[in-house]
Every structure is written in C-alpha cells, then in structure tokens.
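First the structure, which I've put down as structure tokens, then a few questions once you've had a look.
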Amino acid sequence: MASPSRRLQTKPVITCFKSVLLIYTFIFWITGVILLAVGIWGKVSLENYFSLLNEKATNVPFVLIGTGTVIILLGTFGCFATCRASAWMLKLYAMFLTLIFLVELVAAIVGFVFRHEIKNSFKNNYDKALKQYNATGDYRSDAVDKIQNTLHCCGVTDYRDWKDTNYYSEKGFPKSCCKLEGCSPQRDADKVNNEGCFIKVMTIIESEMGVVAGISFGVACFQLIGISLAYCLSRAITNNQYEIV
C-alpha cells in the first residue's frame with residue numbers, strides 16, 4: 001500500500017489527468033454530434049446518389065448516424081467514469097474507444113480498397129436506371145430526375161444515352177433533361193442539356209465523401225488520445241489507490 005505522503009503527491013497528477021480527460025471527453029462527445037449531423041445531412045442531401053450506387057450504399061448515412069449516437073452515449077459514459085474516478089469504468093471506456101477505433105480503421109481500409117468500384121457501380125446502375133426509366137415514381141427513376149434537374153445534365157455520358165431507352169422511343173426525352181423549366185423536349189435535342197451526369201455526379205461524390213472521410217479519419221485519430229488518457233488515469237488510480245474525498 002502506498003504511503004499517505006505518496007498519495008498526497010500523486011493527487012495533483014491524477015487531478016490533472018482527470019481534467020484533461022474531461023476536456024477530451026467533451027470534445028469527443030461533440031464529434032459524435034458532428035457525425036450524427038453529417039449522417040443526417042448525407043441522408044437528406046446525398047440520398048439520390050447513394051440509391052444509384054447499390055442497395056448497401058444507401059445504408060452509409062445510417063452507419064454515420066449510428067456511429068454518432070454511439071459516440072454520444074460513450075462520451076456521456078466516459079464523463080461519468082472520469083468524474084467518479086472509477087478504475088474499472090475507465091478501463092471499460094478505453095476498451096470501447098479501442099473497439100470503435102478498430103471498426104473505423106477497417107471501414108476506412110475497405111472504403112479505400114474499393115473506391116474505384118464506386119464509379120463503375122454508379123455508372124452501371126445509372127445506365128440501368130435510364131433503360132428502366134418509366135416516370136411512374138419508382139425510386140430509381142425519381143433519383144434520375146432529381147439528379148438531372150439539380151445538376152442540369154442529361155444521360156450518363158451525354159444526352160444521346162437516352163436514345164437507347166424504351167422511354168425515348170415512346171415519349172422522347174424526359175422533362176428532367178430540359179434546359180428551361182416547363183419545356184416539353186420530346187425528341188428535340190436543342191431543348192435538353194447536352195452534358196452527361198456521370199462526371200458531374202462523380203465530382204460531387206468525391207468532394208462530399210472527402211468531407212465525410214476527413215471527419216471520420218479525424219475522429220478515429222482523436223480516439224487514440226482518449227484511449228491513452230483513460231488507460232493512464234485508470235492505472236494511476238489503481239497503483240496509487242486514489243480515493244475521492
């Protein structure tokens with residue numbers, strides 16, 4: 001057992017650890033709120049793009065929302081563990097942080113390895129959505145219309161892609177290809193946008209996903225600090241038998 005004088009000397013050190021860990025936990029909690037907000041924003045803003053990648057891609061915003069929620073709950077637990085100066089709770093906190101870090105690391109590696117497949121998947125699915133376009137409100141046709149309206153584009157590589165579709169042979173170009181609102185393009189190429197959507201969509205996805213990837217990477221690296229702080233404080237409390245007065 002440590003002597004009273006030694007415990008007295010270690011109190012300022014442990015108090016310092018607690019203060020730093022509390023500040024860290026608060027920041028970590030804020031990152032959870034940010035991830036939650038990014039997930040909600042991705043669901044609202046990028047849903048059309050995700051729906052044309054593949055069925056699994058539409059779950060990406062929900063993954064971010066779930067991760068943000070877990071981080072918020074874990075941050076609350078970490079704050080409670082730090083205030084209580086409980087060694088076993090701090091070890092549990094460090095273990096959860098390590099687990100989340102490993103999951104994020106694996107997800108980042110998988111995303112990096114398969115990043116080129118995203119382009120091919122989107123292009124193939126967008127081309128398939130054009131050929132199956134029926135303007136009746138199914139989610140793929142709706143996604144095509146929203147993308148073409150928003151980005152002022154038409155077709156995959158250009159407007160001529162529509163000429164290979166059943167919809168074009170029956171009704172001509174869809175209204176979402178119009179250069180001006182309210183026009184009826186039918187088969188008149190002068191009234192539709194000439195640029196294709198593929199390059200424009202890829203530019204947006206790369207820029208927006210860069211923001212998501214940057215935030216996720218920052219959160220993952222930030223967790224290493226929390227793991228070290230929680231472990232050091234837990235060890236200091238255990239070794240010196242620190243007690244809250």
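Glycine too: its Cβ is placed from the backbone N, Cα and C atoms.
Pulled from TrEMBL, these are the listed features:
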TRANSMEM  21-42  transmembrane segment
TRANSMEM  62-80  transmembrane segment
TRANSMEM  92-114  transmembrane segment
DISULFID  C154-C178  disulfide bond
TRANSMEM  211-233  transmembrane segment
Apart from its near flanks, which chain residues at least 6 from the ends of the transmembrane segment (62-80) lie with a Cβ under 8 angstroms of it?
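The answer is 21-22, 25-26, 28-29, 31-40, 42-43, 89, 93, 96-97, 100, 104, 107, 212, 216, 219, 226, 230.
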Look at each of the disulfide-bonded residues, C154, C178, and point out the one with the fewest other Cβ atoms around it within 10 Å.
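Ranked by other Cβ atoms within 10 Å, the disulfide-bonded residues C154, C178 bottom out at C178.
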